[in-house]
Structure formats: structure tokens, C-alpha cells
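Lifted from TrEMBL, the feature list:
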type: BINDING; residues: Trp130, Glu140, Asp160, Lys162, 222-233; note: substrate binding site
type: ACT_SITE; residues: His231; note: active site, nucleophile
Amino acid sequence: MDSILKNFSYERTLSQDTQRKVVHLLGQVQGKACIVTVEKLFFDESVLPILTNRVDHVEEEVQNNIYGWCLGHLDLKAMDTRIKYVYPATELHIRKHEQQQRCLIVETPRLYEEITKPYIDAIPASRIAWVMNILEGTAEKDRVLFHDKDPQDGFVILPDMKWDGHPSSLYLVAIVMQNGLTSLRQLSGCHVPLLKHIQSTVHALVKEKYQLDPHQIQIFFHYQPSYYHLHLHITALSLQDPPGATVGQAHLLDTVLYHLEHIPGYYQQATLPFVVGDQHPLYQSYQAWLNH
């Protein structure tokens, strides 16, 4: 990490989210494209009692009746920023992080078979090499919270890279061991036992480690997912606006289980709307249909 940051040569800002306090920067490291993401973290609870005493400079003070506000600088020793990088970054990584317009695609089973599935099938296996490293235990072993290594019914649970470590913003991910399961579309009634095992394991784990009850978390799939190896997102309900919680993208596990238990082939028959950015390769695949 230190070498990446010291040798990073800034080119442009790909995007900035003022609500989440995140910026994605594009640059070069030793002649190769690099994306650096910088995110402001929550205040550590240990500094809250002394927070007001750490304001050492204020500007633009405004006072109106009982209300007042200003800009200020806090002199804190605590870590307050998370930094991530993608290096070397491909054109796909750059498009993913770039500011872009979003489009709603109403995907019927026919459109899935004719457009989405060929797009997924054409993705090289190397794109999810990092996922395989986690499942095979060759990377991030110290971050894994649970690992059932059964090749068909096993799964791994670990913190999502976006989580800052605070229980109130809990963000975990569960990744299935089974190869060939890419997304919600491939789930059927035969996968209910696996999904229920994941659900019960998650409930027990977050209760033991983070003192969170089942009704204080949500477990959901993304459709479309950010990578095509089946995984589930686990977040605390106290985490406001988790990434990917857009209407049409997040599918709660409880709802998925209900559908599969009553109609085993539901996700092969259903129309599944999803949101995609206009720089995403899948959007490019859909352009002819959108312009029809």
C-alpha cells in the first residue's frame, strides 16, 4: 500500500459521493493505471467524549436564534480515513468507478437468455480470481469469520472491504463454495437448504460477535451483482443507505426463500428489473434493445 500511494500520479477524479464521503481517483503507478479510493470514516466511539475539545480552528460561523454552525478542523490522532486501490486497473474497473447515468432495465427471462447470460458467459474466469483465492484459503485468511469448505453446500463469511469495523455499520459478505452459481437467476428450490444454512449461520455469528439480533440485520442479494459468483450481503439496519440498496437491485433473502419454497423455478420465470450505469459493459450489450 505504501508503495502505491507514494508512486501514485494523479490524472483525474472518476467520481465523488458527497453523501458517503467517498472519492475515486484515477492515476498511474509505474506506467500502469491505478484507482485509489479515499473514504472518510465514522468517528471512533473512544473520541466522542472529547470531540468538542479537539476543535482547534473554526471558520464561517453563523448564529441564528438557538441555532449555530461553522466549518472546523478537528485535531484527532485516530485513524479517520480508509484507502483502497485497484492496481493494475483495467478499463472495466475505470468504467465501474466513473460518474455515469443510470438506466433501469426490465429483464424478462427471454432478455436474460438472449443478452444477459451471453454477457456473463463471456466474462473471463480471471475476473473472479480474487474470489477463488478467498474460497481456497490463499488470500484474506485472517479476515474470514466462518468457512464451511464443502464444495457443494459450503460458504465463507468475511467482512466486506467497505466495512469500517463499527457494529452499527456492519457489512459482511457470504460467498458460496459451489462453482457455476453466478446470480439470483440460477437459484431454484434445490438451493433452499444451502440458503437456510447461510441464514442460520449468519444469525448466530452476528449475535455472538457483534451482539446483533436477526431483526437488526438484513441479508440480501444484488441483481445484477458486482461479480458473478453467488454471494450475499449482510448489513446492520443501522447502516443508512448501504451500497446497492437501490430499488430493483437488492433482493432480501427471506423473500427469495419464500419464492423458491412456493415456486421452485421462480427465478427462471420472473421478470427482474435492474439498474445499470451507462458505462457498464452490460449496458452496452443492451443498447440495441434499448434503442429498438
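Even glycines carry a Cβ here, placed using N, Cα and C.
Recorded features from TrEMBL, shown on the structure.
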residue: Trp130; record: substrate binding site; contacts (Cβ under 8 Å, 6+ apart): Ala139
residue: Asp160; record: substrate binding site; contacts (Cβ under 8 Å, 6+ apart): Tyr171, Leu172, Val173, His233
residue: Gln224; record: substrate binding site; contacts (Cβ under 8 Å, 6+ apart): Thr116, Ser183, Gln249, Phe274, Val276, Leu282
residue: Tyr228; record: substrate binding site; contacts (Cβ under 8 Å, 6+ apart): Ile120, Ile123, Arg127, Ile128, Thr182, Ser183
residue: Leu230; record: substrate binding site; contacts (Cβ under 8 Å, 6+ apart): Ile175, Val176, Gln178, Leu181, Thr182, Ser183, Gln186, Leu187
residue: His231; record: active site, nucleophile; contacts (Cβ under 8 Å, 6+ apart): Val131, Val173, Ala174, Ile175, Val176, Phe221, Pro225
residue: Leu232; record: substrate binding site; contacts (Cβ under 8 Å, 6+ apart): Val173, Ala174, Ile198, Ile219, Phe220, Phe221, Leu253
